[in-house]
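Read through the structure below, which is laid out as structure tokens, and then see the notes.
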Amino acid sequence: MREVNFSIPNVNKASVNITTTLYDRRALDCTSTLPLINSLNHLAYLTTSSARIRDILTVDGGIERLVCILKEGRSGDLMEMWKWSLAFQCVVNIGVRGSESVRTRVVEADMVPVIATILDNYIKVVDKARARADSESHKQSSRHHPKSVPAPSDSSGRPAFLEQSSASENRTSRRQAPPPSIEIPPQPLFIDVTSPPRVPMTSPPERSTFGQDVHNHRTNDTRYAHPSHRHRTMQPLATALPPMDTADGFGLRPVRDNERLPSMLPALHTGLTSQPDSPTTPNAPVQPRSIAQATHARHRPSLRQQLSASGESDDGNGESSTMEDESTPAETAEPIVGLQNRMDIDDVGNREAIIGGVSESHDLTVTDPSEGQEAETFNITHRSTVDGSMINTDNAQNNAALGLSPAQAADTATSPALVPSPYSLYFRDRSTAAAQGVLTTMPRDEDVLMSLQLLAYVSKYCNLRSYFQNSHFVPKLKIDRELQMLEEGTSPIEPAEEEDEYLLPDDVNIFPLVEKFTVRHHSKDMQYWACVVMRNLCRKDEARGGIRQCAYYKCGKWEETARQFAKCRRCRRTKYCSKDCQKAAWVYHRHWCHSTP
């Protein structure tokens, strides 16, 4: 029999392939990577648009061949990665868009172990990244702890570090001409060493009179070469503000209209940013932040100012997310500042770069580059019906990539879901060549998202639940060896003997893996699809008389009669056979337990 890789003269092709108008099962058996990629690329289109092609793949062994391609593992070669991603996309299209019989065939083709391995690999990387971030933060806090001890005072009651500061200023004044005399306001009791007390704390037109001399004097001073104490940055800010009523908001007075317009401060914008002086500029909220850091006169803008400056609508009828129990009230007090583009206190060491005009990013809306246009495909929240002309396109695109609406960006500004990808955090400060080589074998965010979405569609059939609760990991897809190679101080691992997948016991329950993605440090889209999968676990089996299973994965007991187990009082969806199971499951169930009306 002729090999399919041999040439076919009548069609002038090197091998059999799939086109957008022709499906040939023999093309999936091609052993050459390039024509197989070409066929998979066209097959991804066919599985999206043609229900007949999806049905044919379930009976001619096409799904089994695609799953075999996935189980071969992800290689570091670019062409192999491309082939793996296209095959995975085809299987997801078949499972998501197919009928019940087609989805059943996807599960029976042993696709669940592939998904379980992808989710487990991602969880391992996230756990290592969080552990590494916690250790680094602990080291930094312990390193800066001795510096936070108050300095001893001399006999006159003046702190010793102020004496050293004045002595350093005297030595500097001998080497260069003194700067112009500027009126200095009264010093607070605990003033920050690194805060320049040369700028008078007056109204905005008077604050815009400082020149470049102040910056030149600071750059020549050796006291600003090292990072300053972060613990003392709050005190000068509190003392620099005039006395005010603490009854409303955070003790901040409402900002006047002449202060909230960026066009009222033309001198402060020169050299700091190239954006036009307009309240609708997308990066307008960053400008008051830089001004406040340079002058230490922090006037917090109101809620209406931040919404108008970022291009968002002032109305409060944005949609309530399906993942949150709390809804944003329509009427909000004026001085509330807990928004996405609020002005937090950064490290004082970064003020040099801000005043000097150095291009250093201080945006708070950190987005993962991998969550760009692709993530929009899996956006699951319902958009708000506000006028689109009032929404900033830049902010809306960033929020859409995370599955959020612009009206809800304020509620989740400080959510850990806005952190960069765990891979970028984990591979930071590591060998670039080794990190990039291992990164290619790890699942991407979109792979995890598509896996959860596929599970959400196939897990709602109770007759397939045994496939999810009794699964295993694919040995060629596991990344334990790659992760251990990146650990500091570890020797290269000898390649272990390859395990036979069909000899592994089916002792992996995929639902506990999915439940970990309901935690809030994952993206909103991952949380949504993971919650859908967990709610499918609580479905009653109509084929067995409408009985339900205990929602605690270590129990798994089924009801003997309908309505035997008690439901969760909050969500009215999950059932537990006992109080002990409910208490044990609450560790993760609280993340996807949402009250029903």
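Any Cβ shown, glycine's included, is placed from N, Cα and C.
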Per Swiss-Prot record, range annotated zinc finger [choices 6-47, 510-551, 552-593]: 552-593
Quick check on the binding-site residues: of Cys568, Cys571, Cys593, whose CB has the lowest count of neighbouring CB atoms inside 10 Å? Cys571
Neighbouring C-beta atoms (10 Å sphere around the C-beta of His589 (Zn(2+) binding site)): 21
What parts of the chain pack near the zinc finger (552-593), using Cβ distances under 8 Å and only residues at least 6 beyond its ends? 469, 509, 511-512, 515-516, 518-520, 527, 530-531, 534-535, 538, 540-541, 544-546
